[in-house]
Amino acid sequence: MPNPLPLVFDAPRRAMPPRHFADLDESGRAAAVAELGLPAFRAKQLANQYYGRLIADPTQMTDLPAAVRERVADALFPTLFGAAREIECDSGETRKVLWRAVDGTTFESVLMRYPDRNTVCISSQAGCGMACPFCATGQGGLKRNLSTAEILEQVRAASAELRDRDGGRLSNVVFMGMGEPLANYNRVVAAVRRITASSPNGFGISARSVTVSTVGLAPAIRKLADEKLNVTLALSLHTPDDELRDTLVPVNNRWKVDEVLDAARYYADVTGRRVSIEYALIRDVNDQPWRADLLGKKLHGELGPLVHVNLIPLNPTPGSEWDASPKPVEREFVRRVRAKGVSCTVRDTRGREIAAACGQLAAEG
């Protein structure tokens, strides 16, 4: 097993990007417009352009007087990042973008097109401080938090690409890219509010179509429940026992399995939403029949019908000694979890060959 890395909850103190329109809530937008000496109605106009028409360049905002476009661009729409590399697979249905921020920081997002939906997997941090040994992102360490605008710009870029490509619409947003979302709590919550707010205050994506993942920061899970955002909570559990989870998911040394599941139950009770349990199945590590039985027993006892297990065949990462469990073992694991009365399916893995699947994002390049 790889030498453990330290847990990092607080991002290194690095300068954040300049203020961007997407960092601002409704009152902040009004204040920013007033600072520029513009009429109050311009704030709503700019929001309609950004969130409704997906335009982030004021020089293209035709309902804005030409004389003020450059001033608005300089004050509210600085360049945050650009695409450093783009790669596709699945016949063009999966597309990974490596973004490079103005300070050189890199992070990734993945756009996945399905017959019935379009999903973008976005990053909340550049890197990750949770140090999970089977995850390429966790092994790379934490560089810095992303700003609210950097998070939202990933969503806007994906939405604009779908629209421009074939008139498609973004339907789902999952915070399953780089980083631990609940370790960048305030910015992630602000981003979720604007993702789900109706136009002109946000992108208008249903809260039920937004998923926030976590390795199990129990107090933050409870805090998120009290926000009443009603997004889907995805808990990366990966094993039901503390002995193994202390190593597989090092944050377990801070909050044990039972405490994390208790927080998940609180989330389900407050929101009425089913909690998703993410479980990367690793050959001869966490795929034993007794672990399937214990997982089903614990989840059924804590969450009853308000839980679903997503089994994820382990995706390969450079230098890893681990690989996915054989299909017969996977099928038996599913059967045993279901036998305990818990819904369980194997996730459709996209992007494995371009290192765009779960646990593979490393922002290299």
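Including glycine, each Cβ sits where the backbone N, Cα and C put it.
Taken straight from Swiss-Prot:
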type: ACT_SITE; residues: E108; note: active site, proton acceptor
type: DOMAIN; residues: 114-352; note: domain 'Radical SAM core'
type: DISULFID; residues: C121-C358; note: disulfide bond
type: BINDING; residues: C128, C132, C135; note: [4Fe-4S] cluster binding site
type: BINDING; residues: G179, E180, S213, S236, L237, H238, N315; note: S-adenosyl-L-methionine binding site
type: ACT_SITE; residues: C358; note: active site, S-methylcysteine intermediate
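Features recorded in Swiss-Prot, as mapped to the structure shown.
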{"residue": "C121", "record": "disulfide bond", "contacts (Cβ under 8 Å, 6+ apart)": "S109, V110, L111, M112, V174, M176, G177"}
{"residue": "C128", "record": "[4Fe-4S] cluster binding site", "contacts (Cβ under 8 Å, 6+ apart)": "C135, T137, G138, G140, G141, L142, M178, G179, E180"}
{"residue": "S213", "record": "S-adenosyl-L-methionine binding site", "contacts (Cβ under 8 Å, 6+ apart)": "V174, F175, M176, P181, L233, A234, L235, S236, E278"}
{"residue": "L237", "record": "S-adenosyl-L-methionine binding site", "contacts (Cβ under 8 Å, 6+ apart)": "G216, R245, V249, V257, V260, I277, E278, Y279, L295"}
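For the domain 'Radical SAM core' (114-352), the model gives a mean pLDDT of 95.
Rounded to a whole value, the Cα-Cα separation of the residue listed as 'active site, proton acceptor' and H238 (S-adenosyl-L-methionine binding site) is 23 Å.
Once Cβ contacts within 10 Å are tallied over all protein chains shown, the recorded positions E108, E180 are led by E180. The separation of C132 ([4Fe-4S] cluster binding site) from N315 (S-adenosyl-L-methionine binding site), Cα to Cα, is 14 Å. Taking Cβ-Cβ distances under 8 Å and a sequence separation of 6 or more, the neighbours of H238 (S-adenosyl-L-methionine binding site) in its chain are C132, R245, L248, V249, E278, Y279, A280, N286. When secondary structure is read from DSSP and collapsed to three states, C132 ([4Fe-4S] cluster binding site) falls in the coil class. Most Cβ neighbours within 10 Å, among the binding-site residues S236, N315: S236 holds that distinction in the structure as shown. Cβ neighbour density within 10 Å is lowest for C132 among the binding-site residues C132, C135. E180 (S-adenosyl-L-methionine binding site) falls outside any helix or strand according to DSSP and counts as coil. DSSP assigns S213 (S-adenosyl-L-methionine binding site) to a strand in the three-state reduction.
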